[in-house]
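Student: Below is one structure. I have some questions about it.
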């Protein structure tokens, strides 16, 4: 519950969230289950429970849709209220599986049709969320249109005409809401496992030097302080990975969230020199390789990702504080964790510590 939090008008930003008393570092100031959530499609090969989001070697597969998986019969039973209509849709397109955003918007529709209260809307409701579809480029609008078509195909057995949708529902608008307001759910190893909507937390504004961070325990979101916060001070999080150069950061924020950050760090650009240290061509080559490594990760080709990381780490002349070299170290550590190579993971983690401290 939001006992010591309140919604307020943040100067120059619109809605915001602030704390009502002085708060120490490391305090959980808010906790919530999602309004709606879904498991990431990339975890089909290394699945997690569709209800509690725990990862297990053996999971029970839904006998109807063959897509949803559960760690125990109890989780399957608890999930049924939210899964039963989705189950029919998944079954109708099997073996195809919808994208994460299509599956999440479908779950939002089914949740709205239930007309049940959600504690996640304590401070801000699903209807209050901003979509910014009026501000996005034509290219993005075209992409949203394709998602809308995919949603219609997915829902065809459950929603045959507009009268069966929630009152006033517009698919394009809700895809925009999902893009701007959803949170990537990660596990204890900081691996992405799902995506969820927590409406009250959409009040949090962005800062490249935030005073709070969001972590997860299963599907439960926890908002924790990382700085001392004064009474009535605004709570902020980072919407993106801030360990990237200012120009890239600003472009990403504008592209996805339709605003230009004017925080102290963005105006000074004081970390850019360290982030881009080293030869320019080498930096470009390593940056290009990062995309390939992330693609391998998404395909669960972990061994190949680790092999490429180690080859580059051993051959690159870039300093570890170069942000793209640092990303290689991070991917190497993640890959080692996934493969159970704990000593190597510790080595890459320790090697990353000093550069991370420098770039804070």
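The backbone N, Cα and C atoms fix where each Cβ goes, and this holds for glycine too.
Among the features that TrEMBL reports, domain 'SET' is placed at 3-240. Taken from TrEMBL, the feature domain 'MYND-type' covers 49-87. Per TrEMBL, coiled coil is recorded for 279-306.
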Student: Counting only residues 6 or more past its boundaries, what in the same chain has a CB within less than 8 Å of a CB in the domain 'MYND-type' (49-87)?
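Tutor: Counting only partners 6 or more residues beyond its ends, the domain 'MYND-type' (49-87) has Cβ contacts under 8 Å with 36, 38-39, 94-95, 97, 103, 106-107, 110-111, 114, 158, 185, 187, 193-194, 216, 218-219.
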Student: In the domain 'MYND-type' (49-87), how many residues does DSSP put in helix, strand and coil?
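Tutor: Reading the DSSP string over the domain 'MYND-type' (49-87) gives 15 helix, 5 strand, 19 coil.
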